Amino acid sequence: MSKDSFFGSLLFFLVLSSWYTLRPVRNEMAVANVDELPYLLAAGALAMLIINPIYSWIASRSNLKKIILYCYSFLILNLILFLLSWRTFGLGDSIWLGRIFYVWCNVYSFFVVSLFWVVIINLYRDSKKRSFYGVIMAGGSLGAIFGSEISKRFSGSFDELGLELFSLSAALFLFLAMLLALYMLSISNNDQTIDTDNAGGGSFDAIKNSLQINEVRSIASYVWIWTALMTVQWITAINIVEDWSQNSEQRLRFFAIMEQVISPLTLIVQLFFTNLIIKKIGIKNILLGYGILFCSAFILYGLIPSIISVGVVTVFLRVFEYGINKPTRETIFSTFKKNDRYKSTVFIDTFISRFGDLSGSGFIAIGKLTSIAANSLPLIAIPIAGFLSMLGIRISRNINTKDL
């Protein structure tokens, strides 16, 4: 393993260790507020829309080192504030604290990861370094396993201590990730082919480019649709889990164990197959394949809405996303111009993704209002999954993927 791939892998390990320590808690907040999920997802999308111009303003005036320092420090401070708030109020005394934490978790998860990828796609742009993406993703999978294990061990303390152990661990991992990212950016100054200076431009470049530039608009549309479909799948799964068990600790352990099943499988794909699959199958077929997987998942949920179905669907979709589809999208992002690498990629990974969540939850809400049976809603979403495959074909036409 080269120094570059090792540092990239270690950085992703720390970032995902931080997030996956919090993820099962986020899932438990979702189960506890399942009827309010559409509103909470709407709040998350609104938060992203407000935050992105602020981030773009910082990116226009700051180099990449300062961007990482400012943003990660702010998120660490947020974790400390949640810890103090939890001590003051507690989940039992303030249901709104749990709801606010759920919304914030969605912002946190996308921003810490998208900022990580801003570092990677700016430092690792040539074809040789792009081949490290699978190994780098593997580092993230190890972090997901590690974070999930920590969360599982802390699950017994949740009713008594709430967020304390979870937030302290997440803050520590993110602090270490920030230090490593700053070091990687510092040593990159010796490479004249790498440019980490400020991107210039304005606060609304990401929004404007996502609407006006064909290549950016296509991938933004793709991310919007797949996150909407993933949300339809996830809310359906949450309802199945709620019917399966009314015990918070049992559900929390189920979520944590499921993460530990997904992560090793994803790790194997990332270490041995990601780069090979991208080269042999091609970006076009990978992007097209997502829609086919969603069609299969929705058929299974519609016909067999069981806890086993939740496990099977979640495993297949998540392994495909993190083992194959995500590295493919980041390969495409690495070809963007500097302004879009700094800004549009973050806008797509944050607001567009949150807007996809909102669209998916809106789809579920409309289904409930029209009294459509819960197990029929995934079947109705199948044509949208077909449209996702069509978008994948369009992206491969807009971008010269043969050289990637």
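Each position is counted from 1, following the chain as shown.
From the backbone N, Cα and C atoms, a Cβ is placed for every residue, glycine too.
The transmembrane segment annotation in TrEMBL covers 40-60 (among others). Long-range neighbours of the transmembrane segment (40-60) within the same chain, counting only residues 6 or more positions beyond its ends whose Cβ lies under 8 Å from a Cβ of the stretch, are 30, 33, 66-67, 70-71, 99, 102-104, 106-107, 110-111, 198-207, 231, 342-343, 346-347, 350-351, 353-355, 357-358, 360-361.
With a threshold of 8 Å between CB atoms, the same-chain residues lying at least 6 positions outside the transmembrane segment (67-89) that come near it are 55, 58-59, 97, 101, 104, 108, 111-112, 115, 118-119, 162-164, 167-168, 170-171, 174-175, 177-178, 181-182, 185, 342. TrEMBL lists 67-89 (among others) with the feature transmembrane segment.
Long-range neighbours of the transmembrane segment (101-124) within the same chain, counting only residues 6 or more positions beyond its ends whose Cβ lies under 8 Å from a Cβ of the stretch, are 4, 8, 11-12, 15-16, 18-19, 22-23, 25-26, 29-30, 33, 40-41, 43-44, 47-48, 51, 64, 67-68, 71-72, 75, 78, 82, 130, 132-133, 136, 163, 174, 177, 181, 184-185, 188, 194-196, 330, 333-334, 338, 341-342, 345-346, 349-350, 353-354, 357. Taken from TrEMBL, the feature transmembrane segment applies to 101-124 (among others).
The feature transmembrane segment is assigned by TrEMBL to 131-150 (among others).
Residues of the same chain lying 6 or more positions beyond the ends of the transmembrane segment (165-185) and with a Cβ under 8 Å from any Cβ of it are 7-8, 10-11, 14-15, 17-19, 21-22, 25, 64-65, 68-69, 72-73, 75-76, 79-80, 82-83, 86, 112, 116, 119, 123, 143, 147, 150-151, 154, 157-158, 196. Among the features that TrEMBL reports, transmembrane segment is placed at 165-185 (among others).
The transmembrane segment feature in TrEMBL is assigned to 219-241 (among others).
Annotated transmembrane segment per TrEMBL: 261-278 (among others), in sequence order.
What TrEMBL records for 290-317 (among others) is transmembrane segment.
According to TrEMBL, the transmembrane segment annotation covers 372-393 (among others).
Using the rule of three or more Cβ pairs under 8 Å, pairs at least 6 apart in sequence, the transmembrane segment (290-317) is in contact with the transmembrane segment (219-241). Counted as Cβ pairs under 8 Å, contacts with the transmembrane segment (372-393) are highest for 219-241 among 131-150, 219-241, 261-278. Non-local neighbours of the transmembrane segment (219-241) in the same chain are 27, 30-31, 34, 37, 41, 210, 251, 254, 287, 290, 294, 297-298, 301, 305-307, 309-310, 313-314, 317, 321, 325, 329, 332-333, 344, 347-349, 352-357, 359-361, 363-364, 374, 377-378, 381, 384-385, 387-388, 391-392, 395; each lies 6+ residues outside the stretch with a CB under 8 Å from one of its CB atoms.
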